[in-house]
Amino acid sequence: MLGLQIFTLLSIPTLLYTYEIEPLERTSTPPEKELGYWCTYANHCRFCWDCQDGICRNKAFKNHSPILENNYIANCSIYRRNDFCIYYITSIKPHKTYRTECPQHINHERHEADIRKWQKLLTYGFYLAGCILAVNYIRKRSLQTVMYLLVFLVISFLLSQLMLYGELEDKKHKIGSIPPKRELEHWCTHGKYCNFCWDCQNGICKNKAFKNHPPIGENDFIRYDCWTTHLPNKCSYEKIYKHFNTHIMECSQPTHFKWYDNLMKKQDIM
């Protein structure tokens, strides 16, 4: 009976720690606070653009260059469940569907603070359970029973601590201004204006990640210095231009969106 009480005491913080993100029913208008996420992946969806008089401006990224309204901008719907997000291109028959992984922890500092809070709770629970064992030993003098329970308690406590410390260890940032060559396709799908994606000579720039990308003229659009951050399940890049502008995406997200193909059919990417 005492062992069951101790196990329950140790399990409560772990159960409280787990949570699910809020579902989102199918809609063509994502919440404004989520536009940055959706428009990082589905940057051709109409909900990302404000089009007036044939000129379209990006709603999520205000410093994105205006583009001409064209067939590249498609009607889309989005849908979210606990462990995945989906967007549909409804302008095409049959509908094209893309599955992404939803951001679980946008604010990493808050996530780490939560983990440390549960570590403290587990520590206090360990002390409390130790007091219960001591009282039980004094009352019943059953040393063998107390030793079994103590071993069980220590093992449970260590496993819980290892799980949480491992979570923190995995969150260490890997930061650099130039991503590894093998990751260029991922970073240049999302951070296409970062200067590490382009090789510029004599005013002509070629894309390093996508060899079949048409050459473009050197201009301010591709002169941004970017810092990349690579976590186990999330990547972000910061565009350094007057002030830091951070964009977050999932590292495991497929990179073969070929965002430029349809756009280049209608206009220069400028």
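Heads up, the Cβ atoms here are built off N, Cα and C, so glycines get one too.
Feature annotation from Swiss-Prot assigns signal peptide to 1-26; the stated evidence is similarity to another entry.
Per Swiss-Prot, the feature repeat 'A' maps to 27-146.
Regional average pLDDT for the topological domain 'Extracellular' (27-117) in the model is 73. The topological domain 'Extracellular' annotation in Swiss-Prot covers 27-117 (among others).
According to Swiss-Prot, the N-linked glycosylation site annotation covers Asn75, on the basis of sequence analysis. Listed in sequence order, Ser28, Cys45, Arg46, Ile89, Thr90, Ser91 are the same-chain residues six or more apart from Asn75 (N-linked glycosylation site) with CB atoms under 8 A from its CB. DSSP assigns Asn75 (N-linked glycosylation site) to coil in the three-state reduction, outside any helix or strand.
Sequence annotations record features per position, and here Swiss-Prot assigns transmembrane segment to 118-138 (among others).
What Swiss-Prot records for 139-145 is topological domain 'Cytoplasmic', and it gives sequence analysis as the kind of evidence.
Taken from Swiss-Prot, the feature transmembrane segment applies to 146-166 (among others), supported by sequence analysis.
The repeat 'B' annotation in Swiss-Prot covers 147-270.
Look at Swiss-Prot and you will find 167-270 (among others) tagged as topological domain 'Extracellular'.
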